[in-house]
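Some features that TrEMBL has for this protein:
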- H229: active site, tele-hemiaminal-histidine intermediate (ACT_SITE)
- G59, S60, G61, H62, D116: substrate binding site (BINDING)
- 41-55: compositional bias 'Low complexity' (COMPBIAS)
- 9-350: domain 'DhaK' (DOMAIN)
- 387-583: domain 'DhaL' (DOMAIN)
- 40-60: region 'Disordered' (REGION)
Amino acid sequence: MSSKHFINDPTHLVSQALHALTLTNPNVALDAAHKIIYRRPSPSSSDQQQQVSIISGGGSGHEPSFAGMVGPGMLSAAVAGTIFASPSAEQVRRAITSRVDRGRGVLVVVMNYTGDVLNFGMAVEKARAAGGVPVEMVVVGDDVGVGRAKAGKVGRRGIAGTVLVLKVAGALAALGRPLDEVAAVARLAADNTVSVGASLEHVHVPGRGVDADDKLRDSDDVEIGMGIHNEPGSGRAKKDLPALVATMLAQLLDQGDADRAFVNVTSNEVVLLVNNLGGVSVLELGGITAEVVAQLADKYGIRPVRILSGTFMTSLNGLGFSVSLLNVVNTGVGVNMVDLLDAPSEVAGWAAPVRKETWEARNTATRDADDGAGQEVQPSGLKTDAAAATTVLTRALESVIAAEPEVTRYDTVVGDGDCGIGLKRGAQAILKHIKDKPLTGDAVVDVASIVPVVENTMDGTSGALYAIFLNALVHALRTASAGDASPQVWAAALKQSCDALSRYTPARPGDRTLVDALYPFVEVLGQTGDVREAASAARKAADETKGMQASLGRTVYVGGSGYEEVPDPGAWGLSCFFQGLAGQ
Ligand SMILES: *[C@@H]1O[C@H](CO)[C@@H](O)[C@H](O)[C@H]1NC(C)=O
Ligand SMILES: *[C@@H]1O[C@H](CO)[C@@H](O)[C@H](O)[C@H]1NC(C)=O
């Protein structure tokens, strides 16, 4: 639980966040005194006159719920309390009486929390008492996290599934349907939605103290069924993701669970919502979604017609997620619930970018994976002695492998320690490759066959540099004239490859990179045609990287003083390869 925040004054935080919505969405305005975000009346048309207004809200800290869902196709207004506390009845009354159109009636949707139900309920009663405005209220309690026995009189709470109810109701209202229909379909959606959450930690409320006695914080447990205000769930356990998801799905779906079985999810059409409670990385939420979808199919035969994954209802920066299922049933008013979910809306808080047509097309086409990579390389007529080349290359690769501990040690001083292992992995893979698929004696064919091995086994910056270099080498050798591949031919091709490499990296000799060993080798080979002399030049240059300051690559950030004592690991590793080539 991180208790560090950019804004620590909770009052300021809530009002600034509401204000921000008016900056990012010109559709909405803010009644700052009553913390109401509402749809601006349309200056020209009477569109909004023709629809039922929908109001929701609750404590702050659940963004983008609810103020982020105000706009065409969803809410007419949202009323915000302070963090995790219901707005007052007076705030809600203001919203009903002065911030929305009332001609077609008003639907108020709240989650099943005592404060919200009382305050929104009181405002609804007042508005009704004032007369003239038909007002309906729907209470959502989708959470199955706490079973009947334990929940007792508290009942089921509302969590992320509420957003599905708001979307369905908002879309139906936008179609101009009457209040009784909108309220009935909202209730139907609420009655057919089940959700459950799980969190690794409690959240910290800005401006409040830290609970020094938080057992969850200090354990590896996950709290299953935790509410969106840190409320306890059904229990804590140490579970990996598959086991956690299995438990959550059982709580949602197991009809044999007498304590739950709130909704019998039997529809052909089920909508899945995987919701980020605010602090899960987008990457991790993707992994969670994949697990949920796989288990739904494997264990329950449920293949959702829509899968929504994103941040819909948070608990501040909660390190958790919730899973909601909507069992799609006949609305009885001639409109499908899924169509209502698909209907366009202009609000930032409803993130469903994929259109109905795209879902329904169920396109399963893929591109043919064969991009020609496996194709035979045409012989070039540039000859080498296959047996000799194999011996020399093997010796060079073994020299790289033998140098691994040394290179690793250098890289531990000046880098992140993985250079030696990376080179060794590449060298081992090439060795295996030339054993399985012996060199042919055609320079182009042989270098080309090694390129994919390097590409697939060496990663990071140096892997990319080697891959570019070798690809360029294949190209350069191919343009050489047929005949024996003399040291001069190799040197000319290597020189071209250096030029190609220099187009993709600013590294030049003196920058403390593998280039420090590469350039002298190529240069001396071109001048003398002697591999031994070239290898010695590379070794000398690699040694001279000691004391050079890095100007590129990760070494720059890692910094430290070690660069004075050790050579650049990449340059050193490459010089070992050249030494091996030369038999030194
Ligand atoms: C809301 O909670 C109350 C108890 O406070 C419970 O009786 C009721 O069934 C719950 N409503 C919903 C819709 O879950
Ligand atoms: C759920 O629905 C299925 C199929 O309609 C039915 O066989 C099953 O008995 C139902 N379960 C419960 C607990 O109602």
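Glycine is no exception: its Cβ is also placed from the backbone N, Cα and C atoms.
Structure coloured by features recorded in TrEMBL.
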{"residue": "G59", "record": "substrate binding site", "contacts (Cβ under 8 Å, 6+ apart)": "A80, G81, T82, I83, F84, A85, S86, P87, G115, D116, H229"}
{"residue": "S60", "record": "substrate binding site", "contacts (Cβ under 8 Å, 6+ apart)": "V14, A17, A80, G81, T82, I83, F84"}
{"residue": "G61", "record": "substrate binding site", "contacts (Cβ under 8 Å, 6+ apart)": "I83, F84, V203, V205, I228, H229, T314, S315, L316"}
{"residue": "H62", "record": "substrate binding site", "contacts (Cβ under 8 Å, 6+ apart)": "I228, M313, T314, S315"}
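Per the record's binding annotation for substrate, residues G59, S60, G61, H62, D116 show a top Cα-Cα distance of 14 Å. Of all the Cβ atoms in the protein chains shown, 20 others lie within 10 Å of the Cβ of H229 (active site, tele-hemiaminal-histidine intermediate). Report note: the substrate site is defined by G59, S60, G61, H62, D116, and the residues of the same chain whose CB lies within 8 Å of the CB centroid of those residues, excluding them, are G58, S65, A80, G81, I83, F84, A85, S86, I228, H229.
In the three-state DSSP scheme, G59 (substrate binding site) is classed as strand. For D116 (substrate binding site), other Cβ atoms within 10 Å of its Cβ number 24. When pLDDT is averaged over the domain 'DhaL' (387-583), the result is 91.
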